[in-house]
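Per Swiss-Prot, the features are as follows:
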- 2-88: domain 'Core-binding (CB)' (DOMAIN)
- 109-295: domain 'Tyr recombinase' (DOMAIN)
- Arg149: active site (ACT_SITE)
- Lys173: active site (ACT_SITE)
- His247: active site (ACT_SITE)
- Arg250: active site (ACT_SITE)
- His273: active site (ACT_SITE)
- Tyr282: active site, O-(3'-phospho-DNA)-tyrosine intermediate (ACT_SITE)
Amino acid sequence: MTNKQRLVHLFIEYLQIEKNYSALTISGYTEAIEEFVRFMNVQGIDGFEEVSYQDTRIYLTEAYEKGLTRRTISKKVSALRSFYKFLLREQLVKENPFLLVSLPKQDKRIPSFLYEEELKELFTVSDVSTPLGQRNQAILELLYATGMRVSELCSLKESDLDLSMDTVLVHGKGSKQRYVPFGSYAHEALITYLEDGRLKLKAKGKDRADAYVFLNQRGAPLTDRGVRFILTELMKKASGTLHIHPHMLRHTFATHLLNEGADLRSVQELLGHSNLSSTQVYTHVSKDSLRKTYMSHHPRAFKRS
């Protein structure tokens, strides 16, 4: 193991043990740092302490020339800045060359979401007479009812569900927990799945799956990739013209709440956002909702007799 690899390994351990970051987040950090190490090797830079501000500018220029988006570059810079902050704390370097690097200004993207008519169609495609269909229906209902992330859904255990109060304890990023309520549709879908479909799926698996709510066809805990595949297949059945991604039901949850008058702070808490700015991206509304509001409230929207 080279000295560079040793320092990267120490940083990854720090993210796992002290910061308690998710595997997905750590993977992103690792990829960014390893890519930068390859850049250092090409440039003939032996150690992290030798990297200068000018080197970081060359690195960024190459990233732009590769056609990377500003969002991707911003994530890489953020990861490297955190890495050097760790090295400084451990007194392994004397300065952070990424501290003066300005993060690229990102385009504000409006999250994609489903209209109510599209949701209704999506909720009718699962064959709820089968264990997998019952599971899929419970996944759809719970994702839309709570706005939780797919990774949070996959980590749910039976002890996290309170069906008497219709609430779920969600284990979010950075070991943060939050209670989120859900409605009658999600309640009914969960009851059907837990009392029938899940028992049949569990019988095919091993003891390690006992605690997890959502299981695959072999009785093992369902993964993020598994949920992504399920959502894609369900959307194909509902409408071949639409593409659904794992976060779309979360976007839809937030958008529909705000469109119906929920306050931003409450939605922030339900989503588990640490910053309000992360929630504000959902303040877009549909054209129909905008038109309805305009026609209802603008004094000169139409002539009154």
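Glycine too: its Cβ is placed from the backbone N, Cα and C atoms.
The structure, with features from Swiss-Prot marked on it.
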residue: Arg149; record: active site; DSSP class: coil
residue: Lys173; record: active site; DSSP class: helix
residue: His247; record: active site; DSSP class: coil
residue: His273; record: active site; DSSP class: coil
residue: Tyr282; record: active site, O-(3'-phospho-DNA)-tyrosine intermediate; DSSP class: helix
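Its Cβ taken as reference, Lys173 (active site) is surrounded by 16 other Cβ atoms within 10 Å in the chains shown. Between the candidate active-site residues, Arg149, His247, His273, the densest Cβ environment within 10 Å is the one around Arg149. Here the candidates are the active-site residues Lys173, His247, His273, Tyr282, and by Cα distance the one nearest Arg149 (active site) turns out to be His247. Across the fold, the C-alpha of Lys173 (active site) and the C-alpha of His273 (active site) stand 9 Å from each other. Of all Cβ atoms in the protein chains displayed, 23 besides its own lie within 10 Å of the Cβ of Arg250 (active site). For His273 (active site) paired with Arg250 (active site), the C-alpha to C-alpha distance reads 12 Å.
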